[in-house]
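Undergrad: Shown below is the structure under consideration.
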Amino acid sequence: MSSAAMTVVIGFEGSANKIGIGIIRDGEVLSNPRRTYITPPGQGFMPSDTARHHRAVILTVLKEALEQAGLKPADIDCVAYTKGPGMGAPLVTVALVARTVAQLWGKPLLGVNHCIGHIEMGRLITKANNPTVLYVSGGNTQVIAYSERRYRIFGETIDIAVGNCLDRFARVIKISNDPSPGYNIEQMAKKGSQYVELPYTVKGMDVSFSGILSYIEEAANKMLSSGQCTAEDLCFSLQETVFSMLVEITERAMAHCGSQEVLIVGGVGCNLRLQEMMGVMCQERGAKLFATDERFCIDNGAMIAQAGWEMFRSGQVTELEDSWITQRYRTDEVEVTWRD
Amino acid sequence: MSTDGETDHKTGKLEFSLDVPFPSSSEASIALRSLSPDREPRRGGISKRLTVTGNTLRWSADEARILRVSVNSFLDHLSLVLETMETFGPPVDSGI
């Protein structure tokens with residue numbers, strides 16, 4: 001391949017309730033359409049229903065991705081898709097289409113780690129040099145730093161993700177899931193005026209959220225019906241508590257690595273209060289904070305395309321027989337061949 | 001498409017086979033390679049064999065209890081692969 005040739009990668013993402021397909025050409029996002037499966041208030045999304053949702057729209061979204069980019073299948077160099085981690089049934093649905101079009105179009109296939117998709121998109125958009133990464137979403141909570149060809153996990157949740165804690169609290173107080181429960185908690189939190197003390201659980205480099213969730217699930221009904229506080233107060237207090245925990249473990253990792261940059265990725269990274277709190281800590285340390293907007297924080301196809309672009313350019317390819325999806329896939333399992 | 005269900009009286013296991021005709025052998029092969037990589041969610045009790053003979057994709061499984069769920073999933077997946085091939089096919093000629 002000549003150095004003047006451009007590399008175009010299409011990426012397929014559908015590991016949770018978002019189905020997105022994006023096309024990237026040498027760092028330029030040409031298209032990034034996405035659909036979200038939204039459940040009624042009080043309900044979470046189940047694997048088979050989510051897979052059914054993705055199944056119904058995926059081919060339409062794929063056509064949109066090509067049309068919006070103004071490209072034909074022949075223009076694509078590589079088909080990237082999420083190998084894992086995530087929910088099994090939705091992952092399979094998306095992988096089936098990726099495998100099929102890769103064969104129909106005669107293009108190489110690349111299985112991408114979802115977490116690395118977030119990291120590489122964050123690096124591309126923000127141009128952060130070598131940041132400590134806080135990856136926070138409904139399914140994942142990790143503090144990551146790059147070292148010697150691996151994205152090393154410095155700290156993580158020992159039980160549920162911070163986004164999962166927020167989403168499940170939203171169900172208890174029956175907040176709308178449109179556009180996302182986390183977004184609605186954030187809006188309500190802005191109207192909170194009373195801080196309610198909640199359990200704070202940091203364990204060394206790690207965090208735990210299941211305790212705070214069970215506490216607030218039980219306390220919410222009591223406190224709300226007795227008029228002790230409002231739902232807005234609880235949203236505010238929950239955010240302040242869990243976000244403080246995240247800032248603490250991020251700072252700890254920065255101190256270990258001597259890092260002067262923080263990059264927040266993942267759906268919870270859209271939260272402006274989290275960005276604000278992290279910003280305060282960064283300012284105190286003379287560090288820089290990087291974050292992306294909802295187009296790229298929230299699961300999307302272009303982030304898979306971007307990670308795929310890096311992997312493909314450094315010579316990686318996934319054979320069809322090895323293209324099985326996996327619900328568990330650690331960020332540090334991948335050899336980061338595209339960085340020194 | 002033709003199907004067959006019978007019980008192997010020696011082992012007591014239920015076998016189900018499904019023959020899916022395709023317009024060409026390359027398309028049968030594409031479907032096979034898309035459908036075979038993922039492992040069954042349940043480790044024990046179900047085994048799936050996908051083979052291509054000419055233009056026909058054959059799928060056979062044994063184990064009665066969760067056979068219906070496995071067959072259902074497979075048919076959903078197969079229909080998605082077929083729809084993808086109808087929408088974005090035919091396959092490019094990969095001959096040099």
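Placed from the backbone N, Cα and C atoms, the Cβ positions cover glycine too.
Automatic prediction, not curation, is the source of TrEMBL annotations.
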Undergrad: Of A:D299, A:D322, A:D332, which does TrEMBL put in the divalent metal cation site with A:H114, A:H118, A:Y135?
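TA: Candidate in the recorded divalent metal cation site: A:D299.
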Undergrad: Could you round the CA separation between A:Y135 (divalent metal cation binding site) and A:N271 (substrate binding site) to a whole angstrom and send it over?
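TA: Approximately 13 Å lies between the Cα of A:Y135 (divalent metal cation binding site) and that of A:N271 (substrate binding site).
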Undergrad: For the binding-site residues listed here (A:H114, A:H118), tell me which residue's CB has the most neighbouring CB atoms inside 10 Å.
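TA: Sorting the candidates by Cβ neighbours within 10 Å, the top entry is A:H118.
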Undergrad: If the substrate binders are A:Y135, A:V136, A:S137, A:G138, A:G139, A:D167, A:G182, A:E186, A:N271 per the record, what's the largest distance between their Cα atoms, in Å?
TA: 18
Undergrad: Name the one residue among A:H114, A:H118, A:D299 whose Cα is closest in three-dimensional space to that of A:G182 (substrate binding site); these are the binding-site residues.
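TA: For A:G182 (substrate binding site), the closest Cα among A:H114, A:H118, A:D299 is found at A:D299.
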